[in-house]
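A.B. asks: Straight out of TrEMBL:
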DOMAIN    4-34  domain 'Centromere protein J C-terminal'
DOMAIN    76-103  domain 'Centromere protein J C-terminal'
DOMAIN    111-145  domain 'Centromere protein J C-terminal'
DOMAIN    149-179  domain 'Centromere protein J C-terminal'
Amino acid sequence: EEIERETAYPDGKVEQVLKNGCHLIFFPNGTWKKVGSDGKTVTITFFNGDVKQVMPDQTVIYYYADAKTTHTTYANGLEVLQFSNGQIEKHYPDGKKEITFPDQTIKNLFTDGQEESILPDGTIVRVQPDGSKTIEFNNGQRELHTSQFKRREYPDGSVKTVYMNGQQETKYGSGRVRVKDKDGNIIMDTKL
């Protein structure tokens, strides 16, 4: 771009006004600033390689050179972080967070302490603030983990529960119930 005028300041700063209306300001430490001809688009390139852009809509895009991470803050308060490994985090103004991992697992963190993870194979894992967990598998099976037991529900209506003391209870879709003690010995079986 052609320079219309250039001003050197006593502190070492140099300002250039280009014919297209852009302003360039060079600082002695190597940092430089470009103000677009619209006066609203500002790009600052820091001496360490970081780059900060302010867009006309007040979106701020900050690139951390060392970490190879981009942090975008939108006017509505949404913040998006993009990491060099492909991980993307969205921080919403209401406190919710959504993380997309490089393997495409999506984890939602809610303000009430709940978590939800959606795995690439379609499995959904939900964790409650009390630590209980529900897993919904893509084959229709469902698992519930609490401090007292782990229960697996099958599409055919069968339910297998393993209690913390090791006892197992299986309720079949047919209505049959079988209970085993912690050592695997059958202590009850209602064959129909």
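Keep in mind that glycine also has a Cβ here, set from the backbone N, Cα and C atoms.
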A.B. asks: What mean pLDDT score does the domain 'Centromere protein J C-terminal' (149-179) have in the model?
C.D. replies: 94
A.B. asks: What does DSSP give as the helix, strand and coil breakdown of the domain 'Centromere protein J C-terminal' (111-145)?
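C.D. replies: Across the domain 'Centromere protein J C-terminal' (111-145), the residues distribute as 0 helix, 16 strand, 19 coil.
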A.B. asks: So how many of the residues in the domain 'Centromere protein J C-terminal' (4-34) end up helix, strand or coil by DSSP?
C.D. replies: 0 helix, 17 strand, 14 coil
